[in-house]
Amino acid sequence: MEEIRAWRHVFKLDPNKPIDDERLERLCESGTDAVIVGGTDGVTIDNVLDLLARIRRFSVPCALEVTDVEALTPGFDVYLVPIVLNSRQAEWIIGRHHEAVKQYGDMMNWDEIAAEGYCILNPECKAAKLTRADTELDVDDIVAYARLAEHLYKLPIFYLEYSGVYGDPSVVEKVKQALDQTQLFYGGGITTPEQAEHMARYADTVVVGNAIYDAFEQALATVAAVKQMAGQRNGDDGK
């Protein structure tokens, strides 16, 4: 999906967390490339629909990260489907996906759906515990998952998810070096524009989530930081 390939900065909103109208407006008009709606727990059709309706007052592209098929609804520009590559349970790799397609496959517009190959690396986060992710990985393990995502499974997105803690930029750099066509998303622990800029040196797309609720002004400042670094990278590529 070409529109996703253009994303450099993305905000992720949790439908189970409150955000007032004034902050939502500032976030949607901040210059971010997209807003992803998604969370690990407490995601319902009601809170997803409520957040979607509020975001739709603005022109920013809006994606739903599908973690619970019961909260699936029309109206989003893109549907992102996580495949947790380092999960110890098959349901997070293929099981839930099979069940969703079994129920709704006839109605799916596959042009609006993109799979994300997740590698969850924070053992304390809700997502790691829920999916029983094997987080005891060295950099070679992580790079191997990235290569599997691109070359074996042909996934359009590889998502390094540190969820709540700031990751190791050297790991992100090595993963980026291993990828050619697959787009590298990074999410986790970004609370300052400096951190966002650092990760944007390597990741194709930087996702900012928790800072929206914990450090809102800093979260907004990450947009310009990421865009500036993305511009520098594009300039370097053009030399």
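A Cβ is built for glycine as well, from the same backbone N, Cα and C atoms used for every other residue.
Per Swiss-Prot, the features are as follows:
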type    : residues                                                                      : note
BINDING : LYS12, TYR159, LEU160, GLU161, TYR162, SER163, GLY164, GLY189, GLY209, ASN210 : sn-glycerol 1-phosphate binding site
BINDING : ASP14, THR40                                                                  : Mg(2+) binding site
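Here THR40 (Mg(2+) binding site) is positioned 14 angstrom away from TYR162 (sn-glycerol 1-phosphate binding site), judged by their C-alpha atoms. Take the CB of GLY164 (sn-glycerol 1-phosphate binding site) and look out to 10 A: across all protein chains shown you find 16 other CB atoms. Working note on the binding-site residues LYS12, ASP14, LEU160, TYR162: by count of other C-beta atoms within 10 Å of each C-beta, LEU160 ranks first. In sequence order, PHE11, LYS12, LEU13, ASP14, GLY187 are the residues of the chain that are 6 or more apart from GLY209 (sn-glycerol 1-phosphate binding site) and have a CB within less than 8 Å of its CB.
Apart from LYS12, TYR159, LEU160, GLU161, TYR162, SER163, GLY164, GLY189, GLY209, ASN210, the residues listed for sn-glycerol 1-phosphate, the same chain places the Cβ atoms of ASN122, CYS125, TYR186, GLY187, GLY188, VAL207 within 8 Å of the centroid of those Cβ atoms.
Note: the CA-CA distance between GLY164 (sn-glycerol 1-phosphate binding site) and THR40 (Mg(2+) binding site) rounds to 13 Å.
Shown in sequence order, THR67, CYS125, LYS126, ALA127, LEU130 are the residues of the chain, 6+ apart in sequence, with a C-beta less than 8 angstroms from the C-beta of THR40 (Mg(2+) binding site). Classification of GLY164 (sn-glycerol 1-phosphate binding site) by DSSP places it in coil, neither helical nor stranded.
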